[in-house]
Structure formats: C-alpha cells, structure tokens
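Feature list (source: Swiss-Prot):
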type     : residues : note
CARBOHYD : ASN58    : N-linked glycosylation site
REGION   : 60-316   : region 'Surface protein'
MOTIF    : 82-85    : motif 'CXXC'
CARBOHYD : ASN133   : N-linked glycosylation site
CARBOHYD : ASN140   : N-linked glycosylation site
CARBOHYD : ASN155   : N-linked glycosylation site
CARBOHYD : ASN218   : N-linked glycosylation site
CARBOHYD : ASN226   : N-linked glycosylation site
CARBOHYD : ASN267   : N-linked glycosylation site
REGION   : 317-514  : region 'Transmembrane protein'
REGION   : 328-348  : region 'Fusion peptide'
CARBOHYD : ASN350   : N-linked glycosylation site
CARBOHYD : ASN357   : N-linked glycosylation site
MOTIF    : 378-394  : motif 'CKS-17'
MOTIF    : 395-403  : motif 'CX6CC'
CARBOHYD : ASN408   : N-linked glycosylation site
CARBOHYD : ASN412   : N-linked glycosylation site
TRANSMEM : 452-472  : transmembrane segment
Amino acid sequence: MDPLHTIEKVPARRNIHDRGHQGHRMGDGTPGRPKISVQQMTRFSLIIFFLSAPFVVNASTSNVFLQWAHSYADGLQQGDPCWVCGSLPVTNTMELPWWVSPLQGKDWVFFQSFIGDLKQWTGAQMTGVTRKNISEWPINKTLNEPGHDKPFSVNETRDKVIAFAIPLLDTKVFVQTSRPQNTQYRNGFLQIWDGFIWLTATKGHLSQIAPLCWEQRNHSLDNWPNTTRVMGWIPPGQCRHTILLQQRDLFATDWSQQPGLNWYAPNGTQWLCSPNLWPWLPSGWLGCCTLGIPWAQGRWVKTMEVYPYLPHVVNQGTRAIVHRNDHLPTIFMPSVGLGTVIQHIEALANFTQRALNDSLQSISLMNAEVYYMHEDILQNRMALDILTAAEGGTCALIKTECCVYIPNNSRNISLALEDTCRQIQVISSSALSLHDWIASQFSGRPSWWQKILIVLATLWSVGIALCCGLYFCRMFSQHIPQTHSIIFQQELPLSPPSQEHYQSQRDIFHSNAP
C-alpha cells in the first residue's frame, strides 16, 4: 500500500500531536508528552491530515517559470497560441520575483466559508480554537469592499497538497524528527525544517499594505527545546492591523503541548513573512505573516519579431548577425557589403576561437577528474578483490587469475585536446584586422552611417587624386609638342623668303636658265 493510502486511513478525529512522539519518556531527562484529554483531542481538529502533510515544490524537479506561464495563460483564457513573457531572477541564487497581493475585502468572506467547509468536512468541533471568526478581526468593517473574487475550496486545497506530497512520501509511516538546527542555507536558499522535510523559502514582496497580519512571538515555555522556527517578519509599517496570537488562537501554536501543527494556506494563497514566501507555517513558527495571492508581472503577445532564444551575441563589440540597417548601403555600394562580410567572418573566427578555448579548458578539467577517478576505482577494486578473493570478488575469474577490465581513454582525450589546441593556433592571429584598426582609430566601432561617410570620404579622396593626376598629365602632354616645334623651326626654317632664296640658288647652277 502506498503512503497516500496509508494517510487516507487516518481517522479524522485523530489528534495531530500523537505523531512520532512515542520515543519520549518521563524520567529520562527528555520532556514527556502530557496526558491528552478528549477535549484536547478535539481542540485543534481543525487542522486535518493534509494540512500537516509535508510537501514542497522541489526546484530541481519542476520549472516554476513554466508553471507560472501556463497558469498565466489559463488566467487570460487565450485559446490561440501566444507568447508569455515574464521577468527572470536577477541572479542564479534568486527565484522568480513574486509579488503578493494580500487578502482583502470579500476575500475574508470566502476564507470564513473555507473554515466552515473545513469544519463540516472533518466533522470536528472547534470549541478550543479562539478568534476563528472574521467578525472578531479588525477588518470586519471592510468585508463589503472588493477583493480578488477567488473562492477557496477544501477539495482543491486537498488535491493540491496530495499532488505535491506524493513525490516526497518515501516511507509509509510518518515519524516526526528533530534536527540540531531548524534553519539552514542551501545553495543560497533559506530552508526551514518542519519536522518532516526542509521547506525552501521563495522571495516575495507585498504589492500594497496588508490589511491584516498575524504575529507570533517566542514562547515562555522551555519544556520543548529546539521547536521554534523564525519564518520572517513583515515590517510594522506594511501592516494596517496586526493580531498578536495567543496560545489557542487560529494559526497559533499551543505551547502547552509539544508543537506539531502546520497551518497550510488555502488554495491559490501563500504565507508571506517578509521577505520569505511559504506554502504553510510549520509548528512552532515565529514571525509576522499575512495571507496573500502571489503573482508575477507578465505580458502576452501573439507574435514576436525576434525570438527570445536567439541571443544577440557580442564579441569585442562586433555584432554576430547582420543588422537590417546594413542591407541598405550594401545595395547601392557593394564594397560596403563586402566589408561587412569580411567583418562577420572575422567575428565568426573570434567566436570559434573562444568556443574552442572554453571547450579545451572544460575537457581538460574533466580529463583530469576522470583520471583520478580511474585511479581511485582501480585501488578500491583491488582492495575489494583481496577481501573477497574466496568468493571471486568483483573480478572475472579466468583459470587461476582474477582479471578486472577498466577502460582508460584519457590518452585519446589528450590527443583530441592537442588537436584542438593546434586548430586554435591555426585560426588565431594577434594582428588587428582592418575593421578593428579603423575602429581603434575611431575609439569604437563605426555604425552603418559612419561606414558610408568613410566610403564617401575615400571615394572623394580618390577622385581628387585622379583629377589632379589627369590635370598634370594633360599639362605635360601639351607642353611636349610645343617644345619639339620650336626646336625643329630653329634647325630647318621653312618660311617663304627661305624658299625664294633656295630657288634663286638653283637657277644659278642651271646653264639654260634665262
């Protein structure tokens, strides 16, 4: 029979204080349990078994953000697919940033109905519990004010408790145990020992001033050592009214008997003891707390332009993706597009180099760890084989020898690491690229419009140089023909008087001339 069925068979009128105190005896130095009368057995029967069943949401086995996202979408009643976005924790040692809206207005009427349904469900007489009626509370004049309009159900509360308790019930018998310390910090999270499990606190903040808080201070009895548990304290300025609990009040701990009651919050609510948020208050709790509905800020959208799982990777200020504004200059000036491609190729090489360096370091650490584990396992097996040689030990019997096969792949891993190191050296370069050099000159990487200005300035400089070159070439080409013509005119004069002179000379040599 599973533990849940075992719990189901617990009589409804069984006193909760009877759990796990059989080991206390009178006269041996350990405080004994006082004799319980019938009236005392029914005094706190308001707390049924599932209010004291240990349960907690294990952060390692459930994704609280996904649970919140689903509940958020269900609350919006969005039938179509949509994106649900919410704030993430600031650090890895913090949980979701929960806000708590305290119970107010008509919520107290629903809570009073919850107490009445609980009384009918258990069939118990709450004659010993005091201040259980909301008419006795300071908020009795605000019952007509609006609230969260969320009724509380005993059955829903019970189902949620059992759903949380099933994975944590490892044994069929509940035995309440004590610890030397009821408080500890694990991985940065506050934990409280409630007698069965460690309760892990969640961070919560009041979204407004709480209309009503309950405060329980340290008890004056010292018959039950190591039973107090400090849950947290809401500052006085954040509570409009505070009820100082007495011994037998609702939510209080009866210090006349050894504490053994857990006060679970109704479905949809939790106890806020600033800054800690608890699913229930364990026995012997101390602090100032209030009931409220936790919620987290969120929004929903139908479609998203950029999916949240695509990171905007940055390496030395270089973008790893092409921005949409970079496409415009590449259409009119292909040289800019070519420069962008070169830039992102360099960025890809930088990313690859960094990834290989990280992989090299992590695999090196794992290789060293596996090597030492290999040595320890080999030594342990050898020692175990020596002790259990008569029965064959943990080795394989081959004729008269005992053989153990332990694979050792550290050499292969070392070779792979050496090859990775060579690959890193191939793609590594200490020289600055053209883009980085230009960026260093500008004390930062230029944007797309700065690139256009650089290209235009370059084109203007080249154009000026070409114009100047063409001008000097033209001037030089015009100066050379004029120089040659002057030289030829001085050596061979071809003017008309010269022609007549030559003609008269030819006439002298002709004898037949007139």
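Backbone N, Cα and C define each Cβ position, glycine as well.
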Taking the Cα of ASN267 (N-linked glycosylation site) as the centre, which of the glycosylation sites listed as ASN133, ASN140, ASN155, ASN350, ASN357 lie within 10 Å of it? ASN155
Distance [Cα-Cα, Å, rounded] between ASN133 (N-linked glycosylation site) and ASN140 (N-linked glycosylation site): 10
Hey, how far is ASN218 (N-linked glycosylation site) from ASN140 (N-linked glycosylation site), Cα to Cα, in Å? 28
What's the CA to CA span in angstrom from ASN350 (N-linked glycosylation site) over to ASN140 (N-linked glycosylation site)? 67
How big is the Cα-to-Cα gap, in Å, between ASN357 (N-linked glycosylation site) and ASN155 (N-linked glycosylation site)? 56
Calculate the per-residue pLDDT averaged over the motif 'CKS-17' (378-394) and state the result as an integer. 61
What are the sequence-distant neighbours of ASN140 (N-linked glycosylation site), meaning same chain, six or more residues apart, C-beta distance under 8 angstroms? ILE134
Helix, strand and coil totals (DSSP H, G, I; E, B; other) for the motif 'CXXC' (82-85): 0 helix, 3 strand, 1 coil
Among all the protein chains here, how many other CB atoms are within 10 A of the CB of ASN133 (N-linked glycosylation site)? 12
So ASN350 (N-linked glycosylation site), by the Cβ count within 10 Å over all chains shown, scores 19
